[in-house]
């Protein structure tokens with residue numbers, strides 16, 4: 001089992017060199033404004049993920065309003081949930097150019113616009129565009145920065161911070177379900193969506209709270225992180241060798257590019273100074289040209305960082321463990337979503353509707369899910385506990401529950417399995433931490449964007465696939481068995497690739513010594 005990217009034997013070389021002088025860390029790291037970032041991320045999860053888990057209320061209204069098939073109508077919710085996660089890699093480009101704060105504010109406006117425009121829908125296909133695509137993209141533009149900012153502001157208590165922020169999903173599921181039911185009853189579903197759009201504008205406030213750290217603070221965080229790890233010198237030397245062997249972009253090209261950029265801006269300033277004696281119109285044109293030049297350089301720099309992370313020499317895909325992580329994500333999320341969508345039908349088939357109406361099984365998952373995120377986060381932050389080990393154990397528990405669920409035909413049995421599903425799925429709060437351990441803070445936005453993109457594909461196609469299996473077999477048993485087996489394949493990839501990577505890293509020095 002492996003706890004960090006040094007143990008796995010791969011590093012992107014984003015850690016700064018450790019100097020001889022002690023560095024006083026920023027007080028906002030692991031404290032101060034960092035907790036405001038957690039609060040902001042908490043409300044983002046309430047307004048986005050919580051709302052999406054409560055879309056069943058609106059789905060019933062859409063079925064009654066448009067008289068379309070259940071499969072076609074369900075695609076509205078699936079598109080919104082899937083696109084929120086699938087656009088992750090492209091949102092990484094916006095973050096590289098504009099930063100987390102600006103990206104989140106724009107996303108909040110776009111999300112609110114999608115809700116408001118959906119209130120005027122005349123058919124389901126209109127909802128595909130306004131709610132599925134527009135609101136989905138807006139949600140993705142807020143969700144990814146909320147996760148990335150927590151990772152940047154925390155070092156010692158990252159897992160706990162992510163756990164606290166992502167508990168907003170469970171709270172949001174309860175709050176938004178009750179709110180949408182009330183609004184639909186009192187005002188109708190169209191006015192309910194209009195009001196929800198106004199509420200979603202609070203995402204802009206959450207984005208405004210995402211105060212960016214300076215590059216100096218980020219470097220200090222890397223230094224503190226390296227100081228707290230064992231065998232620091234060996235890890236750094238090994239990381240340097242790994243970077244060179246994998247062809248990661250060095251600092252020289254970046255310095256040359258920055259020098260070229262400064263030269264361009266310097267020439268513009270020189271022209272501006274020399275043209276002071278000119279007309280006001282000429283000065284206005286020079287200022288406009290300077291602004292456009294600065295904007296162009298910012299876009300070029302952001303796109304270069306984004307492109308190098310995905311397709312360049314520093315591509316994330318050269319990390320085999322990270323590739324295995326992507327394969328795991330393609331199968332994992334559907335195992336969590338499928339029970340939420342198909343459990344009500346299973347309860348009806350087993351004639352357990354009366355017990356389920358008193359305390360729904362999906363509510364059990366949501367409640368225990370909250371505690372699972374916090375408890376797993378606390379356990380992972382213990383000095384003697386590996387986050388990677390906790391992550392894998394939670395995955396094993398979840399896949400066991402998915403394979404066991406079809407065997408339960410009583411309410412008590414289903415309730416116990418659902419409680420275990422809710423607790424073990426709390427590993428979602430550890431995903432950003434594990435991702436950062438694999439690729440480093442510098443590449444966290446792009447890397448986590450890829451992971452949630454894979455989760456989005458899983459959420460988009462997993463439930464329809466389970467329904468298709470039911471149409472063939474007239475049972476949900478095989479849907480859970482197939483989903484569980486695919487999930488197990490992803491877990492096996494997570495186990496095999498780190499072992500191979502570490503074995504290769506150990507064999508390489510031996511071969512060099514023999515040569």
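A Cβ is built for glycine as well, from the same backbone N, Cα and C atoms used for every other residue.
Keep in mind that TrEMBL annotations are predicted by a computer and have not been checked by a curator.
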Stretch carrying transmembrane segment according to TrEMBL (options 102-120, 216-234): 102-120
Integer average pLDDT (0 to 100) for the domain 'Major facilitator superfamily (MFS) profile' (37-502): 78
Recorded stretches the transmembrane segment (386-405) and the transmembrane segment (160-180) touching, at least 3 CB pairs under 8 Å: no
Non-local residues, at least 6 beyond the ends, that sit with Cβ under 8 Å of the transmembrane segment (446-466): 71, 74, 78-79, 81-92, 96, 143-144, 147-148, 151, 306, 309-310, 316, 322, 325-326, 329-335, 337-338, 341-342, 431-432, 435, 438-439, 476, 479-480, 483
Spatial neighbours of the transmembrane segment (361-379) far in sequence, C-beta under 8 Å, 6+ residues away: 53, 159-164, 166-167, 169-171, 173-174, 339-340, 343-344, 347, 385, 390, 394, 414-415, 418-430
Contact ranking winner - 33-55, 75-95, 126-148, 321-341 against the transmembrane segment (478-496), Cβ under 8 Å: 321-341
Touch test for the transmembrane segment (411-434) and the transmembrane segment (33-55), at least 3 Cβ pairs under 8 Å: no
Remote residues contacting the transmembrane segment (126-148) - C-beta distance under 8 A, at least 6 residues beyond either end: 40-41, 44-45, 48-49, 52, 62, 75-76, 78-88, 91-92, 94-95, 100-101, 103-104, 106-115, 117-118, 162, 165, 203, 206-207, 210, 432, 444-445, 448-449, 452
